[in-house]
Amino acid sequence: MSSTDRRVRIVDAPMLLQDHPRLGTSWRPSWRAAFLLLFTVRALASLWMAVADCDEVYNYWEPVHLLAGPQTSDRAFQTWEYAPQYAIRSWAYIALHAWVPALVSLVPLPPYAGFFALRLVLAAVSSACDTFLYDAVARHVNVRAARYALVFLTGSAGMLTASSALLPSSFVMYTTSIAMAFAMPPAGTRSSSRTWRATLAFAVGALGGWPFGLVIALPYVWEELFMRGSDTKCVRMHRATRWLAAVLVAALVAAPMLLVDSLAYGRVVLVPLNTVLYNVMGRARGIGPELYGVEPPSYYLVSLLLAFSVVVPLALMALPAVIVSARLLPQRFSSSTGSHGAWLLGLRVLPVYLWVAVLTVQPHKEERFMYPIYPLLCVNAAICLYLFRAATETVYLRLTRSPYRASRTVLFSSLTLAPLLLAVVLGAMRTLALINHYRAPLDLGLVLSRMEGQHQVCYGKEWHRFPSHFFVAPSTRVDFVESEFDGILPHHFAAQPSALPEKPDVSGAQRVLEHVAFAWPWASLTQRVPTTVNERNEAERDRYVDPRTCSLMVDVDFPWRPATTWEPRYHLQDAWRKVACRPFLDADASREAAAMLPRQDKVYATLARTLWLPSALTQHLPSWGSALRYGEYCILERVSDGEFSAA
């Protein structure tokens, strides 16, 4: 078959979006090439980027460290969410990941080897999931749109951050890519594979990661139950029955989760249900995520623009572009699937809008909450860019009436290449800025891991940037000293098995757990019911040690910030000397300094805080870094028992 024949076959395939017969393309990177491209970029990022969120460290890296290390270790930190009386974090999710550093620990390598090994595994998993999504877009939507999506998936800073993050929201991102890939072809009764596979993928994400991820599945459910697809007629009862059967089978995913979490907590517990009850019903009891901060409605728009630059406006214009194109370019949509291709395509871009809308109205906002739709943002943007190109092609053909000239012009390629290149360049600049400005805690963690001897390392106001016990030598203990922070801090897992609570034999389920308790050798650590925890984000005094007991202190010094009683400038005290220091950007001070500059310089200063440029370019822009305020992020060693006082 000639290349022309192959191109016609691709164009004539029942894809949701159809190329013009003379302007179509069949070339795209292979599955292997796409995976290698994604994995190479994400693996490099995973080795260089610092952990972006303290919740990731204390709620996930620390429990993983507990399971990956000796079974009697009490070095890891425990948050109140893992206390059995609350049980809103899943040990099944932790166990799913702990095997990687556990295997690495069998080899005589530095303690941080397990951390980076797991990050590389997560980068590989995310790359495989997104390659699967890219391939599904190429087979069922459009080849050209798939190429655009691959560029956005590769070059966006947000994808590099989320792909190797040890977070349930990243796990839901993986399963969403798989589920949406299975859901790309239209629904129908001829084959049940779409229903079973997509439903199972959505269920795994919701039960194993984050139950609120089911919001993303709503358009898929609507299509399964109410939209005509490849059926010769709409057989709703048959499809509804099949979908409900798939839901019931997918619910079986909860069985191993239920077992692991129940063994870990010492009682029958369904963590996803506890998570939903805490987030939905907690507000009535004066608790809930709002205790940890609230943000304005614009928060997600700003964070998405920083993470995805031009991808965001393209992604948010996808649905209007589909609606307008269905009216003006009906020939671009497939109608051989039962329902009009525009309706089906609209359902595939709709999850982004649902997710953004649902989370925007929530008072408590975190950047990581957007992770589940990150790949879908890239797909939406690709579809919008394709429709923009299709409209341009149509206008050009109507003006020139020459398909031959249209096939030879570079106009269309130039118009689409510009946003693709811009997304990649801005993504690289943003990623390098994050590394350059904020990598210091990870760098000093590497220094800590190589320090010999027994040490007590203390964190004060920098408690939220502790990179985890993977960066601490086995002979070192980490504790907190008091700071101006007045919320609850994690505490060490208790190792004494004698304090385990008595469990009365009240049910058959409890007896089953007792018979299989050998499968969870960490019971003495995970089943202990701590008394000094609370769900109200109130400080517990037992978390703090006297600074005089610390042999090492990790602290950041911003000279322009006034010292306080609980946050002195340790760097200036005679009792401490610097062991290692790295520059660390004070974003708030830099923002305030930029606000005092003239308008043009203010723009440069804002860009310098957000994006990275090589020095060869910045030397021609004197105002580029003029407002950046770097402090010293240091490991300090105690050299005397000097007085502890503000300086």
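The backbone N, Cα and C atoms fix where each Cβ goes, glycine too.
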Pick from 341-363, 594-616: which range does TrEMBL record as transmembrane segment? 341-363
Matching 85-107, 200-222 to TrEMBL annotations, transmembrane segment lands on 200-222
Give residue numbers and ranges for long-range contacts of the transmembrane segment (31-51): same chain, 6 or more residues beyond its ends, CB-CB under 8 A. 57, 61, 116, 119-120, 122-124, 126-128, 130-131, 134-135, 150, 153-155, 159-161, 163-165, 431, 434-435, 438-442, 465, 467-468
Range from 145-167, 243-265, 341-363, 369-388, 409-429 with the greatest count of C-beta pairs under 8 A to the transmembrane segment (299-329): 369-388
Within the same chain, the residues 6 or more beyond the ends of the transmembrane segment (243-265) and with Cβ under 8 Å of it are 84, 87, 90-92, 95, 192, 195-196, 199-200, 202-204, 207-208, 221, 224-225, 271-272, 509, 513, 516-517, 519-520, 522-523, 526-527
